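Heads up: the structure comes next, in structure tokens.
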Amino acid sequence: MWWFQQGLSFLPVALVVWSAASFVFSYITAIVLHHVDPLVPYISDTGTIPPERCLFGIMLNVSTFLGIATMYVRYKQVSALSPEKPKILRLNKLGLTLGWMSCFGLCIIANFQKCILYYIHVLGACLTFGVGSIYMLVQTILSYLMQPELHSKDIFWARLAVFLWSCSSILSMFVSSVVLYSGLYGQNLVQKLHWNSQERGYTTHIISTVSEWSLAFSFLSFFLTYIRDFQKISLQAVVSLQGQTLHESPGSFRAEEQALLIAGSI
């Protein structure tokens, strides 16, 4: 049995590989068609113009469902490991709520492009990365509370390091984006897909785009820390039949009505 076949470890693996592929494939397509500059464009810019927009949208929609499934399995695992610890259970429910909000934001990013509906796209980014970073914080705190009995210290430190990486990327991206779009370097920069290295604001633009790519891959790296945990869990569906057929025959209805009448007469 391969390592990714153990338990449900394929879920975070699929989430990371598929999401990274969605960024890379849309980037390659946009570069080949000369829709963006090769040197570190915004991730959203690589999913703005067809056909890469279609590829970007459908692949991120799949990532959304993979993220929902991964976060739910993580929620069930923590609940099963700490059934009598109210503090952990409350944090666990909070984490699931935040995680699903972040996934909803990713769905918004996939379907509302930056150059078409900018403010809705920004809302999706805030949900994905802003709320998502809080989800990472909650999971890091859970890892701290559950060690050393249920979690190793190495996992806690790994998640803390990735969380700090994510926060530094958010800070860098926020500051550079505010400066870039403040009006100092021109208007309508949101629609700008091609930059010249001699233009004013080019350095700030590069800092912003590099921060965005760094932020995206910090999120993917966080889910890589789930692999070892997910190797030790499996979910099973229990089927409970309420009848011997999937339809109700007229005879069965009459039998049920007769039984009710008898019960009523008694």
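Keep in mind that glycine also has a Cβ here, set from the backbone N, Cα and C atoms.
Annotations in TrEMBL come from automatic prediction, not curation.
Going by TrEMBL, these are the annotated features:
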DOMAIN    8-233  domain 'CWH43-like N-terminal'
TRANSMEM  12-35  transmembrane segment
TRANSMEM  55-73  transmembrane segment
TRANSMEM  94-112  transmembrane segment
TRANSMEM  118-145  transmembrane segment
TRANSMEM  157-182  transmembrane segment
TRANSMEM  202-227  transmembrane segment
Feature contact check the transmembrane segment (12-35) with the transmembrane segment (118-145), CB under 8 Å, 3 or more pairs: no
Any contact, the transmembrane segment (12-35) to the transmembrane segment (202-227), with at least 3 Cβ pairs under 8 A: yes
Chain residues outside the transmembrane segment (55-73) and at least six past its termini with a C-beta under 8 angstroms from it: 8, 11-12, 14-15, 18-19, 21-22, 25-26, 29, 46-47, 95-96, 99-100, 102-104, 106-107, 109-111, 135, 223, 226, 230, 233, 235
